[in-house]
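Quick notes on the structure that follows.
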Amino acid sequence: MNKQSWLLNLSLLKTHPAFRAVFLARFISIVSLGLLGVAVPVQIQMMTHSTWQVGLSVTLTGGAMFVGLMVGGVLADRYERKKVILLARGTCGIGFIGLCLNALLPEPSLLAIYLLGLWDGFFASLGVTALLAATPALVGRENLMQAGAITMLTVRLGSVNSPMIGGLLLAIGGVAWNYGLAAAGTFITLLPLLSLPALPPPPQPREHPLKSLLAGFRFLLASPLVGGIALLGGLLTMASAVRVLYPALADNWQMSAAQIGFLYAAIPLGAAIGALTSGKLAHSARPGLLMLLSTLGSFLAIGLFGLMPMWILGVVCLALFGWLSAVSSLLQYTMLQTQTPEVMLGRINGLWTAQNVTGDAIGAALLGGLGAMMTPVASASASGFGLLIIGVLLLLVLVELRHFRQTPPQVTASDS
């Protein structure tokens, strides 16, 4: 009998050309967005010398992304998904060209940066939702865990490398280089995506877009399984907002500027390890219980993080959080795709991604408020242990999720 390895199996990239094309496009896109993510705040800070203006740009882009995810979910369930993906990517690239041209002006327009941020945030999220809804058709539902782990690893590696490349470009050529290369990278992603097969949505009756979106909300609220998964995802994202306390905690631990970087790298590193060692997750007979327990463990890690007497122990707690949150996120992704009807995939993926964006913003705001009333150590611990209490209550309440069982897929020689 063949045994499934703990290590992530990358064979999906060899056996599924469509997924390989998506993988390549996603990696290039992550690097391009990383260049953009460095350039926009730096340019606004240089123009205004105001952190408030920088924060406003992030808020506006986040709001546009939220709306785009809602609209994209409806479009992905009504129109051919490949066309939605290509349209969204191409339109994003036009916005990046606009940012590049604006940066080349003798006096760049701040209003143009804000408006193009709204443009790019909206259209980028359209493509994300359509791609998520199309993934089961590209790889098969039995391979969703493997596809999700490969995607997570790609995102983590790209997120680590692209800001460093962006910073180097800023030092060499200025923000216009970042915007120009981000635009070029975005248009390059269209080449592999053009090779995708047609991805028609499932047949369904025509209805008003708002009514269609409300149907997605109703399904989410009426399904204790899918609704519970989405709720856990939101809470997990709130916990990750602990990063807003890193500078204050670094002062408490008397860390040097170089050492602070370890705090920011710990969660991505832990998540990458979680993705690399996810080989057996798809074969769990009780994924719902495993999801709940890994989420509780991640909350406990955040609660203990601020209490550590040495910063290196805090880094270990953050890495543990990254690993456990990766396990929970992979299970969330897989169960959401497999337990959602095909006709609802676009809307439910849009709502799930949107609550992740919202959870991060809410978590950052709550931690900022706690930080104004409590010490950084107390704020971090209160957030972690508070979420742990909520998680324990959900463990008791989400009975269907806790008892959910699946038949593990058959292990073949190619999987081991």
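Glycine residues also receive a Cβ, built from the backbone N, Cα and C atoms like all the rest.
In Swiss-Prot, HIS49 does not share a side of the membrane with LEU281; the two are on opposite sides. Most Cβ pairs within less than 8 Å of the transmembrane segment (314-336), among stretches 56-76, 84-104, 157-177, 219-239, 357-377, belong to 219-239. The topological domain 'Periplasmic' (43-55) scores a mean pLDDT of 82 in the predicted structure. Beyond its flanks by at least six residues, the transmembrane segment (257-277) meets 6-8, 149-150, 152-153, 156-157, 159-160, 240, 243, 246-247, 249-250, 311-312, 314-316, 318-327, 329-330 of its own chain at Cβ-Cβ distances under 8 Å. Assigned with DSSP, the residues of the topological domain 'Cytoplasmic' (337-356) fall into helix, strand and coil as follows: 18 helix, 0 strand, 2 coil.
When Cβ distances are compared across the two stretches, the transmembrane segment (110-130) makes contact with the transmembrane segment (56-76), since 3 or more pairs at least 6 residues apart fall below 8 angstroms. Long-range contacts of the topological domain 'Periplasmic' (240-256) within the same chain: residues 263-264, 267, 302, 305-306, 310-311, 314, 318, 321, 325, 359-360, 362-364, 366-368, 371, 375-377, 379-380, 383-384, each at least 6 residues beyond the stretch ends and with a Cβ under 8 Å from a Cβ of the stretch.
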